[in-house]
Amino acid sequence: MNAPTTVADSVTVPVSLGDRSYDILIGKGLVERAGEEVAKRLKGVRVAIVTDENVAAVHLERLQASFARAGIDSTPVIVAPGEKSKSFATLETVTNAILAAKLERGDAVVALGGGVVGDLSGFVAGIVRRGMNFVQMPTSLLAQVDSSVGGKTGINTAHGKNLVGVFNQPQLVLADTQVLDTLSPREFRAGYAEVAKYGLIDRPDFFAWLEANWQEVFSGGAARTKAIAESCRSKAAVVARDERETGDRALLNLGHTFGHALESATGYDSSRLVHGEGVAIGMALAYRFSARMNLAGIEAAERVEAHLKAVGLPVSLAEVPGGLPPAEKLMDYIAQDKKVTRGTLTFILTHGIGQSFIAKDVPPAAVLEFLKERLAIA
């Protein structure tokens, strides 16, 4: 596993993918340093900065000034905030804006925003002129520790989440920890679900550290930077082994099969459920289901739920506002999960804290019965 290195006020985590390797820089002040860092790696480029209205209001001017200082011309492309921008309509709008600006294949798309902007921008960068350069500047905790690393990009459809997209690795990730101070408490908590996930997959020591230090992670400082760097380190190691999710990269989907089904069931309405909240409930359900299938003790599920509750995350179906459809409908959404192979269900289940594994051919009847039980409790 690649160890983070500290250089100048930032931590660097390498992602090792041969000639497509890149660095994740983590630290304060990276928005101001962005022009300098991009100019080092991509000579003579112009950039399209894809961002949403909320992020643009707070960070766009500083980023454009940084690019201007480095002699880089930038064109902003601003989209509506929220999951609904991961759509064919917005994809077309952003693509047309980049083409209208006459950006060339050797130029770059810079994603300044959370996971939605990153996923959308990466897809655009992968298909416009058959592939432009791509730089991730994640502004949410969730994006800094998860979606900005590893090259997964895409949009949603009426059939489910992330069903259309490409693998497109960035040339650079700049994770400015200072921008996290502008997040709402709810947004920060949602991102923390993905941080906890890395401990639950295969790093019980990291999960125990989070249990002891989560309050400092939330308040900022060294613990926050460490949590982000360790999360990126975990993901970078998995991506280096299995870039295209043909093997154990699927472990990173712990909690996501249930979570994506809940997001679909709530119509991607962020007032009801955001991605990280869906993942938190999904991880709690994965641990409960593992216990129900006699794969793990109930104590592990209770420990996971206790920690997620402590930080203010939901852990049950009852906590989804506005109610949920019947278990049969949730199963329809689960059947659209990208881990489904030839009609059989694949889940990330667990033998305990830090002992997750890929479970293939999970009996649909067992999942349906489990969902009925959890909905009845709701």
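Note: Cβ is positioned from N, Cα and C throughout, glycine not excepted.
As recorded in Swiss-Prot:
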- G115, V116, V117, G118, D119, T139, S140, K152, K161: NAD(+) binding site (BINDING)
- E194, H256, H275: Zn(2+) binding site (BINDING)
* Structure fact -> DSSP says S140 (NAD(+) binding site), in three-state terms, is coil
* **Cα-to-Cα gap, G115 (NAD(+) binding site) vs H275 (Zn(2+) binding site), nearest whole Å** => 9
* Using the Cβ centroid of E194, H256, H275 as the reference point for the Zn(2+) site, which residues of the same chain not in that list have Cβ within 8 Å? -> L142, D146, A193, K197, G255, G259, G276, G278, V279, G282
* Structure fact -> Whole-Å Cα distance, D119 (NAD(+) binding site) to E194 (Zn(2+) binding site), is 16
* **Cα proximity to V117 (NAD(+) binding site), best match among binding-site residues E194, H256, H275** => H275
* Asked: Can you count the other CB atoms that lie within 10 A of the CB of K161 (NAD(+) binding site)?
  -> 24
* **DSSP three-state assignment for E194 (Zn(2+) binding site)** => helix
* Structure fact -> The number of other Cβ atoms within 10 Å of the Cβ of S140 (NAD(+) binding site), counted over all protein chains shown, is 29
* Could you tell me the C-alpha distance between H256 (Zn(2+) binding site) and K161 (NAD(+) binding site) in angstrom, no decimals? -> 11
* Which listed residue (V117, E194) has most other Cβ within 10 Å, given these are binding-site residues -> V117
* Which residues of the same chain, at least 6 positions away in sequence, have a Cβ lying under 8 Å from the Cβ of H275 (Zn(2+) binding site)? -> E83, G115, L142, A190, G259, E263
* To do: In whole Å, note down how far the CA of E194 (Zn(2+) binding site) lies from the CA of K161 (NAD(+) binding site).
  => 17
* To do: Tell me the Cβ neighbour count for H256 (Zn(2+) binding site), meaning other Cβ atoms within 10 Å of its Cβ, over all protein chains shown.
  => 26
* How far is it from S140 (NAD(+) binding site) to E194 (Zn(2+) binding site), counting Cα to Cα, in Å? -> 11
* To do: Taking the Cβ of G115 (NAD(+) binding site) as the centre, count every other Cβ atom within 10 Å, in any protein chain shown.
  => 25
